[in-house]
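Trainee: What follows is a structure written as structure tokens; I'll ask about it next.
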Amino acid sequence: MKFFALFIYRPVATILLSVAITLCGILGFRMLPVAPLPQVDFPVIMVSASLPGASPETMASSVATPLERSLGRIAGVSEMTSSSSLGSTRIILQFDFDRDINGAARDVQAAINAAQSLLPSGMPSRPTYRKANPSDAPIMILTLTSDTYSQGELYDFASTQLAPTISQIDGVGDVDVGGSSLPAVRVGLNPQALFNQGVSLDDVRTAISNANVRKPQGALEDGTHRWQIQTNDELKTAAEYQPLIIHYNNGGAVRLGDVATVTDSVQDVRNAGMTNAKPAILLMIRKLPEANIIQTVDSIRAKLPELQETIPAAIDLQIAQDRSPTIRASLEEVEQTLIISVALVILVVFLFLRSGRATIIPAVAVPVSLIGTFAAMYLCGFSLNNLSLMALTIATGFVVDDAIVVLENIARHLEAGMKPLQAALQGTREVGFTVLSMSLSLVAVFLPLLLMGGLPGRLLREFAVTLSVAIGISLLVSLTLTPMMCGWMLKASKPREQKRLRGFGRMLVALQQGYGKSLKWVLNHTRLVGVVLLGTIALNIWLYISIPKTFFPEQDTGVLMGGIQADQSISFQAMRGKLQDFMKIIRDDPAVDNVTGFTGGSRVNSGMMFITLKPRGERSETAQQIIDRLRVKLAKEPGANLFLMAVQDIRVGGRQSNASYQYTLLSDDLAALREWEPKIRKKLATLPELADVNSDQQDNGAEMNLVYDRDTMARLGIDVQAANSLLNNAFGQRQISTIYQPMNQYKVVMEVDPRYTQDISALEKMFVINNEGKAIPLSYFAKWQPANAPLSVNHQGLSAASTISFNLPTGKSLSDASAAIDRAMTQLGVPSTVRGSFAGTAQVFQETMNSQVILIIAAIATVYIVLGILYESYVHPLTILSTLPSAGVGALLALELFNAPFSLIALIGIMLLIGIVKKNAIMMVDFALEAQRHGNLTPQEAIFQACLLRFRPIMMTTLAALFGALPLVLSGGDGSELRQPLGITIVGGLVMSQLLTLYTTPVVYLFFDRLRLRFSRKPKQTVTE
């Protein structure tokens, strides 16, 4: 009583306290960062190693395996995957959430150093690592195009000047440059000319290497001066290499230009990048796992004018893709939804109270509670993201509830003739415990979420804390500011109604009277109500089991990512043509704004595409509908497939795949894995629950298998090293020398001119110079035949692995796909030597599925404990919790009605309903207990009176919560796919619970009261006896 009086009778102090809360909130709001979702990225480090010309199997056994054994000893590694392809290996290390990325990077470097002695000696450089997840979509893509400069020169500008500068920007984890390679001098050898001159490929390589040497020459001193010695020991351009003498034949000089075509070109000619049908160099920028995407993008944009000045004017630097506009648009939509929710909630209060003066009170209390929450969010290190802003939107209905309960009770005393200040004190005292119970039990719902681990726990923590803080501030405001304003602003008379609102008042009275009559009938037919209540419990279980489930709603971020997978024996020239064809099909779609892509490198038969869609306001279709439309057109392209997926804000795992979800096959027997993977993939491709089924296992690449006749080689004076060196020199794009320039180093690349390698007959033109100086054709000591070989070798941990990726067809959920895959694996009878498990997002979904029911039960148990402590009763909490089954039925039915799967967002809605719907029961039970203690009423009379007296505040609080959530359901635009499941769940649950709990709660109250009396009499009878 003294606590309430302290604030009611000291209005200045109370107002200043509220102003202080508001000012702190405004300051916090201005300093809060902006993000699409809470920070949930796993710490990921990518290790890269290269050995030019090495086969995928060689890379896997000699490079990947030693590194994996060393890296696998690092503490906190939750997943390690590797992929080895032609000349390169990439190992992805995913760490536990609590592992510091910088500490992990130091351990990775130490592990690389420890494995160095086990790696092949021919590697051109040590393995390197980057603190970025290569499977994440780039946050920004920059393109360089020019009508003047070559692709190699553009790549040089990008990798030498732009990429290092961008990498230094805070938040940037990796800048991947694609579309070409560094400039180089290429030596294309003519094997017939070499044979005619008696010159071996090793002779050419040695001559070039010896002619381009950069060594210190020292200095001369003559007593008074010091002279630095400088020579022309370096060759820089193709023109300088052409006259190089590589051999003498019968006294005549054989120059490099006589036996080869020497050009200024690039290190790897098998690379291509394009943007909107124009050749381009791509800079794909990815952020650090812990970085804020908006701040990082803003920093890059601020740096662009400076970057533009460092490159020639003839080079056009453009932003091809930027993830931030859709994120900002989504957050703006949520902010608008929040404002609409506040307006609707205040309108509900006005309709019920029918007084502008009284409506001002919650109209002040709600903003103070919400704005004050921003200060706590800043102190907790949170951000303004979709989930935290949705928490505030939902909190609108909660925070007004507290003010409504206090305001309505004070208004009731005023209408009875009590003086304002006395009414404020008396009314607040009567409902103070009710408001406390409602708030604490609501916060208790989120305690299990705060203790939840893994990705779901990280994702939901900001939502739970934000909502809990808003409720806590609301509790303070409703017990301080609200009664003070009531005491000083409201008048001791019945408020005048506007004529247009009298009809609503009469309707409310009629509803209350109708409810009273129906409640009398229900209290006389309690068994029927009990059956209905049990039926709702059973229906909850059935609906939860049957409803489709997924991990997270499919987002429309306005960005698509596509992976091209062509025939494994395709040439680079044909693959470049496929890239152009696919890009034209996509570019012609009316919903597409920009398309960028590249192909080449170590995997000739694959490519990547990044597609930016037009803003949501300029297109009528969702990203998934656009993918469905494009899928039909893309299927007509022969010899290659383009798999499209919408980029999501949450992606788990480091695997680069062509679809959103993965199923990984593991085996210690590589032969068994290669035997069963095609069978499993073909079976999964027939399932209607899956789409775009593809695999990263590529073991049907064309290979030319050479078999040496070692006896013949020994007789001819040839060793295996010389033969292998011949093949590497001829076909491996061998880097044989380095050209040093002030800004970078470039390579001299040697191979047989591609004009002479159009078919396998090129091998017949190869020869080796033996130890007697004779030219011995390769066909004399080797035989060859076509064979199949893997284009990539994949590991997970230390086991051979193959990952099958898939998307979901429209109308299918991840739970449908998961169940279908499990059935298919059982039907196929896959042996125990091949193990299958979901990976990435699908794996997190499986783990979340197992914990959802436990989480809901834990929330209910927590609420029960809190209510039991508050009421000092085992029974009354059960009465209050009896409101939950009807809410669950309403929520699940609403999801079914809107064809929305049960996701993590819907789970949040269920948790919120546990806190919302019990408020009705709390108000009924509180007043019933008060009437029994002080009004000398029977339990039935007490609960009946409580239901009628609390009918208006129950309707007000329920409608306030419902209208607070309704904008989430009706909202469109960016990010609506995240908001709608939450709104659907809450609105559906509230409607159903409001219809049922007004009747079930009094019946359950009387049932437990009779049960209490029955058990309380038994001890007395025993004593009497």
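For all residues, glycine too, the Cβ spot is worked out from N, Cα and C.
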Trainee: Which one of 29-49, 953-973 shows up in Swiss-Prot as transmembrane segment?
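Mentor: Range annotated as transmembrane segment by Swiss-Prot: 953-973.
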Trainee: Suppose I define contact as three or more CB-CB distances under 8 A, residues 6 or more apart in sequence; do the transmembrane segment (984-1004) and the transmembrane segment (333-353) meet it?
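Mentor: Counting Cβ pairs under 8 Å (6 or more apart in sequence), the transmembrane segment (984-1004) does not reach the transmembrane segment (333-353), since there are fewer than 3.
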Trainee: Of the listed stretches (360-380, 387-407, 463-483, 853-873, 897-917), which one yields the highest count of Cβ-Cβ distances below 8 Å with the transmembrane segment (3-23)?
Mentor: 463-483
Trainee: For the transmembrane segment (953-973), I need the partner stretch with the highest count of C-beta pairs below 8 angstroms, choosing only from 333-353, 360-380, 431-451, 463-483, 853-873.
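Mentor: Top-ranked stretch among 333-353, 360-380, 431-451, 463-483, 853-873: 333-353.
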Trainee: Between the stretches 360-380, 463-483, 853-873, 897-917, which one has more Cβ pairs under 8 Å with the transmembrane segment (528-548) than any other?
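Mentor: Most contacts with the transmembrane segment (528-548): 897-917.
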Trainee: At a threshold of under 8 Å on Cβ distances, which of 360-380, 387-407, 431-451, 463-483, 897-917 pairs most often with the transmembrane segment (333-353)?
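Mentor: Most Cβ pairs under 8 Å with the transmembrane segment (333-353) come from 387-407.
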Trainee: Should the transmembrane segment (463-483) and the transmembrane segment (431-451) be scored as in contact, given a threshold of at least 3 Cβ pairs under 8 Å and pairs 6 or more apart?
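Mentor: Yes, the transmembrane segment (463-483) contacts the transmembrane segment (431-451).
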Trainee: Can you say which of 360-380, 431-451, 897-917 has the most Cβ pairs under 8 Å with the transmembrane segment (387-407)?
Mentor: 360-380
